[in-house]
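Annotated in TrEMBL:
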ACT_SITE  Glu268  active site
DOMAIN    31-484  domain 'Aldehyde dehydrogenase'
Amino acid sequence: MSDLLTTEEYKAIAAELSFPTQAFIDGSFRPAQSGKTFDSLNPATGDVLAKVAACDATDVDFAVEKARDAFEDGRWSRLHPAERKEVLIRLAKLMKRNARELAVMESLDSGKTIYDCETVDIPETIHCLLWHAELIDKIYDQLAPSSDDHIAMVVREPVGVVGLVLPWNFPLLMLAWKIGPALAAGCSVVVKPAEETSLTALRLAELAAEAGLPAGVFNVVPGGGAEVGEPLGRHPDIDAVSFTGSTATGRRFLGYSAESNIKEVTLEMGGKNPAVVLDDAENIDRVAAHVVNGAFWNMGENCSASSRLIVQKGIKDALIERIIAHTREWPVGDPLNPETRVGALVSKAHFEKVASYLEGAKALVGGKAENGFVEPTVIEARRDDRQVREEIFGPVLSVLTVEGFDEAIALANDTEYGLAASIFTANVKKALRGARAIRAGTVTVNSFGEGDSATPFGGYKQSGFGGRDNGIHAHDQYTQLKTIWVDLGDDADEAVD
Ligand SMILES: NC(=O)C1=CN([C@@H]2O[C@H](COP(=O)(O)OP(=O)(O)OC[C@H]3O[C@@H](n4cnc5c(N)ncnc54)[C@H](O)[C@@H]3O)[C@@H](O)[C@H]2O)C=CC1
Ligand code: BAL
């Protein structure tokens, strides 16, 4: 906290910021070829922050052509991994030098709190880039078992030109989750930020050029889903797409791929994540703090948010009492106030969607939705309520009560999603049995969390498809395996002759 500034100081920085607004293609900023722009709004005030290039398929074609040129001539893809590492480390250092500016820009553009931007989004983005940079010159290719007459090499090659389609809830961090491994592996990328939050991706592209990333390797094409996302998904010269966003849009990318060039597709999608609390959980206050953090951090605009509390009846009253107390400690308001923990939802449309889930709901705490802000809200619910079944993507926690372990696990799995889960119990066998039985990509025991740069992140069921983000496993998305067989027999004979 000591490093944070005052609200007035953040506002002074905000007043001085200049925003990148044009597409970044082949190493320079360019307007959309159509000349069109769209307004990027500050969701906390409704003010227009910037008029951003509204790109379309023509700009996508140009960016892909430049990315392909860069990939094929090897200016990045064929560098020694240690050279790519150096450039990415320079980029991380430049981010660090510009961290405050990036934090304020991210907060203004997305409604996220400056507290989260300063303490989570920016530092984790930097860490993620460094993690993949440091990894890339330490991965060995393999030799497969073979006879003395052959060598069979299994080598990894960058997959080529990659389309990265991003969400608005962690604009820079999700960018880092994807460009970290993609650029480290040697790919060229064409990034489509969410139209709500394009500004920091454009600024990062500028910093990447300053760090020495060759032109054409990192392109950012802002614009709408239909105008930019779909042409990327359908482009015949894109080798792979990595997407984070809703399950509905993720599903479309499978269609785009099937109907174009069968490009590889990785999808990181929605969640309806359970927090299971059993009667024997220890330190109820700490459990409550985790549940509240899991549900309300980032305004609940988080694919891994714990949006369903599944609590055993013996502990329920005591737990709810502590959850209500903790919820009251999450101030809602101006995202640039460093005391605020719940900022503005990302857009008016999204605010209205989230607010609609509060209508008619019985709130145990919270319940107010006004002017783009929603109070952290805990509601009593039944398993078939829409608040329990649908991804709200806002600060709304539904409480479901169960008799015992088996019912809790069955309810945890009673969803089309399978991204994340947590289980709270003092019994290690129940914790591990539960962690194994819940069909989700990440399960935390006696805590809420998403893991870190080193651990793979992705979903079961309709939460995920294809590869994983994060960890060494993320590199599978951005590389192809090639087998090279070398026949030693003839050469050996010739050598003997
Ligand atoms: N898993 C996650 O992290 C996220 C989940 N969501 C969920 O999705 C809901 C809707 O939010 P949206 O912003 O509309 O998510 P979305 O999935 O539609 O948007 C994500 C990205 O896909 C692009 N896109 C949208 N339509 C497209 C299309 N037809 N073809 C290609 N690309 C397209 C968007 O421009 C954006 O860059 C949220 O309420 C939330 O439930 C939203 C953002 C992130
Ligand atoms: N929580 C990181 C991934 C996401 O929300 O999209």
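Glycine is no exception: its Cβ is also placed from the backbone N, Cα and C atoms.
Keep in mind the model is a prediction, meaning the values are calculated, not measured.
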DSSP-derived structure type at Glu268 (active site), helix or strand or else coil: strand
Mean per-residue pLDDT computed across the domain 'Aldehyde dehydrogenase' (31-484): 98
Those residues of the chain, 6+ apart, with a Cβ under 8 Å from that of Glu268 (active site): Ser242, Phe243, Thr244, Gly250, Cys303, Phe457, Gly458, Gly459, Ser463, Gly464, Asp469
